[in-house]
Amino acid sequence: MTERRYDPTRGEWVTFATHRQNRTFLPPADQCPLCPTAPGGPPTEIPAPSYDLVTFDNRFPSFTADPPEPSVTGDALTPVAPAVGRAEVVVFTEDHDATLAELPVARLRALVDVWADRTTVLGRRAEIGYVFPFENKGEEIGVTLNHPHGQVYGYPDIPPIPAQEIAAARRYRAEHGSCVWCDVVVREETSERLVVRGDAFAAYVPFWARFPYQVYISARRHAPALPSLTAPERDDLARVLKRVLVAYDGLFGFSMPYVMAVHQEPATGGHGDVTHLHLELSPPYRTATKRKFLAGSELAAGAYVTDLAPERTAAALRDVLSRETASPNEAAA
């Protein structure tokens, strides 16, 4: 069953993909479906014996180009719809034990190009309303494959959080005559919440951080989406992202889990004046041994309560970077 059901009490669609219940779950490294296919060995998702970056359709997709008809009949109160869209996998490296933070800047730069390309290609499809690159990293986040990879979803509409951002940005523009994201970046890139400032992108713990070590990476100019970035801007995004990931891994002495998401202009267009490209990285840890859980207030009321001040956590991330010497990967990038 792959279908969408509408919640009229919140005005949101919920997707059901019951076949995902049987997807591969944390296999041993020698049975990893994202590793290269070894000569004479069993085939994996990637038939090549070696690769750099690979993207392909998810074998257990939440959305497909040709989904089955819904299993139930909808009505005016609770409509149903096929889960049309796309779900792709992006494998960052053939190295099963690597993380994105450990890869050279050149590989992250290639990833930015892949994200931009998939945004363009999927965005041309009539059934796609929003292209959403993201990475779930770490078992604490709920990954089912440890091999370093991300995903790209092509939603049939604009998901709730990007839609809320667009609505808020439209209200702000109507009241102030400017882009709220541009105004935020101008303030944050000179604030005590700044983590890294590049030529084209700034990384900062947002004033309103919902997780203690949440970081936004925002374009310093008004760039609505990944395809609109110039080559030098893509270079800078890769460098700034690398620094943020290095800071995360140096914070508590272990490889930090996180959710990383790209927010950009919808594929439907018409929102370029109020959408501003940014990445959101949300790690679950608030100390080396304590996690931030979404409980009653956050999960049931949607009202976040954060345990640490953004100014303090940004200072901790900057301190990591000030002590960090260039890694071999960085030096070679």
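Every residue, even glycine, has its Cβ placed from backbone N, Cα and C.
Remember, predicted model here, so these are calculated numbers, not experimental data.
Zn(2+) is bound by Cys32, Cys35, His147 in TrEMBL, and the record lists one more residue there from His96, His222, His263, which is His96. Long-range Cβ contacts of Cys35 (Zn(2+) binding site) within its own chain (separation 6+, distance under 8 Å): Ala29, Thr44, Ile46, Glu94, His96, His147. Looking at the domain 'Galactose-1-phosphate uridyl transferase N-terminal' (2-159) alone, the prediction's average pLDDT is 97.
Of the recorded residues, Cys32 (Zn(2+) binding site) and His149 (active site, tele-UMP-histidine intermediate) place their C-alpha atoms 12 Å from one another.
Take the mean position of the Cβ atoms of Cys32, Cys35, His96, His147, the recorded Zn(2+) site; other residues of that chain with a Cβ within 8 Å of it are Ala29, Pro33, Leu34, Thr44, Glu94, Leu145, Asn146.
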